[in-house]
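Copied over from TrEMBL, here are the features:
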TRANSMEM  B:21-40  transmembrane segment
TRANSMEM  B:52-73  transmembrane segment
TRANSMEM  B:80-99  transmembrane segment
TRANSMEM  B:128-145  transmembrane segment
TRANSMEM  B:154-172  transmembrane segment
TRANSMEM  B:192-212  transmembrane segment
TRANSMEM  B:233-250  transmembrane segment
TRANSMEM  B:256-272  transmembrane segment
TRANSMEM  B:279-297  transmembrane segment
TRANSMEM  B:378-399  transmembrane segment
TRANSMEM  B:420-441  transmembrane segment
TRANSMEM  B:453-472  transmembrane segment
Amino acid sequence: MNKPLRRVAIAALTLLVILMINVNYIQGSQADKLKSDPLNARQFTAQWQHNRGPITAGGVTLASSKKINKKEYQRVYKQGELYSPITGFMSPFNRTGIEGGYNGLLDGTDKRLTVRNWFDMLVGKKAAGATVQTSIIPKAQQAAYDGIRQATISGRRGAAVAVDVKTGAILAMASFPSYDTNDLATHDSAKASKASTRLQEQKGNPMLNKAMNEVFPPGSSFKIVDSATALESGGMTANSPFDANEFHLPESGQTLHNADGDEQRCSGSPQLIQSFAASCNSTFARLAGTLGQDKLLAQAKKFGFDKPFQVEPGMSSASANYPTKPMGGDKLAMSGIGQGDVTVTPLQMAMVAQAVANNGKEMKPYLVKRVTAPDQSELATAQEQVLGQPISANTASQLQEMMRQVVQSGTASSVVGGQDIAGKTGTAETGNGYYDDWFVGFAPQHNPKVAFAVVTEGSEQSSGAQNSAPTALRIVQAVL
Amino acid sequence: MSVITTNEAGIPVATRPRRSAQLGMLIFAMIITVAGFAQVGLARDGSLPAGMYGYGIGLGILAAGSYIVVARFAPYADPLLLPLAVFLNGIGLAMIYRLDLNTSADMKAAIEAGKKVSYFGPSTNAQLEWTALGIIFFAVTLLVLRDIKVVQRYIYTIGALGLFFLALPGFLPSSISGAMGAKIWIRIGSMSIQPGEFSKLALVAFFAGYLVNKRQAMSTVGKEFGPIKLPRARDLGPILVIWVICLGVLALENDFGTAILFFGLFVSMLYIATERFEWVGIGAVLLAGACLVAPMIPHVSQRIDTWLDPRPYFDGGCKINGVIHNQMAQGCAAHGGQYIADSGQLMRGLFSMGQGGVLGTGLGQGEPWRTPLSYSDFIFTSFGEELGLTGLMVILLAYALIVQRGMKAAIATKDNFAKLFAGGVSFVFALQVFVIVGGVTRLIPLTGLTTPFLAQGGSSLLANWILIAILIRISDSARRPAPQPIQDEGMTQVVNTA
């Protein structure tokens, strides 16, 4: 019986070896994944015991940790309302923004930190957290937030994004209404839960980052995308004449009105650049029909529509939408003026402007510039990354000229005329008692350095130029 | 004469007592245990805990007693078995002590708040009492069972008793026998016994005794079906009947973990006894069949669903319109859904292991109590959290060594009954570790079995100490030198033919 006994012995020991392999797999390679599993409540109770590193912006500390007793730290946010879209928060049950995406580095449990201090790890000493430096410029952030707050009517929303044209670094990202992140960072879960419920019930959804996680109709600012399509695949140039006469929707026969006072400029066959500067709805609704849905969709997708931008780990934007299902003639015409089923995030529009300003090269947007260990050594640094080339350099330079024209002689000239800024206005009707007012562009007019998108929800008398262009100007002045 | 000799099977057999090696390792096992207690206290209160001395001395006396019994009554026994058992029992006790302190603090707070407390949780005192009883059983087994062959005379009685105790909880009212979906306990007052733990040993003894008598007939006489030769019905019949009864009873009691054990036991022992590999093939076919049928049993299909993808069932899985939502049973009913199962325990166990990582948080410094039953079914993941991968590998190696030493005794012994008995109990021990540890680490669907020597629970501890006693007895007889034949070379006559 010894032969079968030996085999059974080998079988029995094999079972134990399988267990050992499995345990190695779980604790050796899956441990980090299990630790940060959203269902895992442990990460949230132990989180207060870490001396988390700060989140900074241009030398200003946005989030820091303060020791409150022998074991625990309190997270403190500076101007929580202003910086909430950047820092996010840590509460007893969740973490958002950079607090979430960079949790391992901030609390010191990331391998990049623990491996350096392997001896500390061996004796059970907790590694101090890393410093996360964002690309935000505090003055620009303040300008953005103040601007959208003042321009937005009661109960409505606003957002602004500014990015570095050459690198894609986000320089300002503001959302209104906002909230004080400190309210959620309490260690008392009942209090945090109450604060969270209160904020969720508030008008304008304060906890939602409107700059990248909410979509708005782009209105006339979408005409940048129309024009890009016309220049790229419609065989046109900025100087091509195009029918600007009164336009009737092909199916319903309804007249599509231009803005008051533009009847004269939007008639005949002006050059495309003229219609763009005057923002003739008749031209661009007609142009959309001529170009067709396929070409517009293809161009929109090249800019990044219909998929999210991954800004940082755990921080992805909502998708801007250009309809993929075949549309009727009316809907197609409406899409040309950024209405109907077209919706965008402010970040998406800022990226369109960035690509135009960067000679057609679209950069990946990012928020974290550098991560440094407590000993000041560098753990990670932002890598500039080209997302694609949605338009040629030639198209880009024509679009730049068209957007300069808007400021010099077009819809924005009465507000920011004479300023070193370029852009496209947009005033989207919502039918709900407010307008979505846009100003999307770049500055300076030549050799642009900053691209932006500003949206504010103003009254039905407001316009993109009046309501959002001044904020855009304040942002770029703070940056430059 | 060389110290190391080989038996007729060519297995090296130590033929001298290894008392000092055994004592040394036993002391080492005790040091680890006491260090475990000390660490719990230091981590929690910054001072050596009062319990360390009491529990340490208690376990020390028991270990010393067991050593004396082994040294006196089984001097040639494998020197590793006893220290390994003491080590596992000791660190299990330290972990229960650690978890006990924690719940005690909660309980004190609850009592102060004027809440009514029903206490059913980790208890170091109870576990130490059971350990004492286990070691007494161990000693008694070694004293009474001077020769394992004695058991062979009573195999039918032992088999019948095993079956009776296995079936008993199934016939008792649920108030006495049921808990957590299975009916496998007998509760008398505050004590609860899992008779299945003892039945397991009894049935191994029965199978071993029966198969030793019938193995010749079973492997030579029989009908051929193609390449497979089946034994005669009268040879295989009785064992098959008992086996089917066992599985039936276990199915009724919803004790599928034990059913897997019995199945593996049956197949492996038939194979060892008959030396015919077909049995493993037939076993594999039956197992495949069982895997097809099992998902139709609700209690089993839940376990399989939560094993395949536990996330939707975290803190309760509720099926509403074909989609599973996280919802507790009560809320599920309110939404008109069908409550399926809860994977919270399984996932918390995994989170616990993830928290531990490679080196662990250190004893007393983790939060293993977050997992329900962290002191019994899930004590393995508790160790995973506080001792890390390093600690778990040590525990699994200790188990592997027990299995290897048991198998070695089986191969070394000359008696066929002892061979089968030792081989059977060693295999079933390995299988039990595999089923429960594999279950809590999500390698296989979770079924409730005790983690030998570590988990809180009296019956399991007693049964495992008896198992160690049996292996020690068998290894002692295997390694005991044969009585020396009379050699008197001086008397040899040299015939001078010159």
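Cβ atoms here come from the backbone N, Cα and C positions, even for glycine.
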Leading stretch by Cβ pairs under 8 Å, where the reference is the transmembrane segment (B:453-472) and the options are B:128-145, B:192-212, B:256-272, B:420-441: B:128-145
Surrounding residues of the transmembrane segment (B:420-441) on its own chain - C-beta under 8 Å, 6+ positions past either end: 148, 151, 200-201, 204-205, 207-208, 211-212, 257, 260-261, 264-265, 268-269, 272-273, 346, 349-350, 353, 377-378, 380-381, 396, 399-400, 402-403, 406-407, 409-410, 413, 447-452, 464, 467, 470-471, 474-475
Same-chain residue ranges lying at least 6 outside the transmembrane segment (B:256-272) that approach it to Cβ under 8 Å: 184, 196, 200, 203-204, 207-208, 211, 239, 243, 246-247, 250, 279-280, 282-283, 286-287, 290, 294, 299-300, 303, 419-420, 423-424, 427-428, 431-432, 435-436, 439, 447-449
Positions whose Cβ lies under 8 angstroms from the transmembrane segment (B:80-99), at least six residues beyond its ends: 22, 25-26, 28-30, 32-33, 36-37, 40, 51, 55, 59, 63, 66-67, 70, 121-124, 127-128, 131, 134, 363-364, 368-369, 374-375, 379, 382-383, 386, 395, 398-399, 401-402, 405-406, 451-456, 461, 464-465, 468, 471-472, 475
Close approaches to the transmembrane segment (B:52-73) from elsewhere in its chain (Cβ under 8 angstroms; 6 or more beyond its ends): 17, 19, 22-23, 26, 29-30, 33-34, 37-38, 41, 82, 86, 89-90, 93, 97, 124, 128, 131-132, 135, 138-139, 142-143, 146, 472
Chain residues outside the transmembrane segment (B:279-297) and at least six past its termini with a C-beta under 8 angstroms from it: 228, 251, 256, 263, 266-267, 270-271, 304
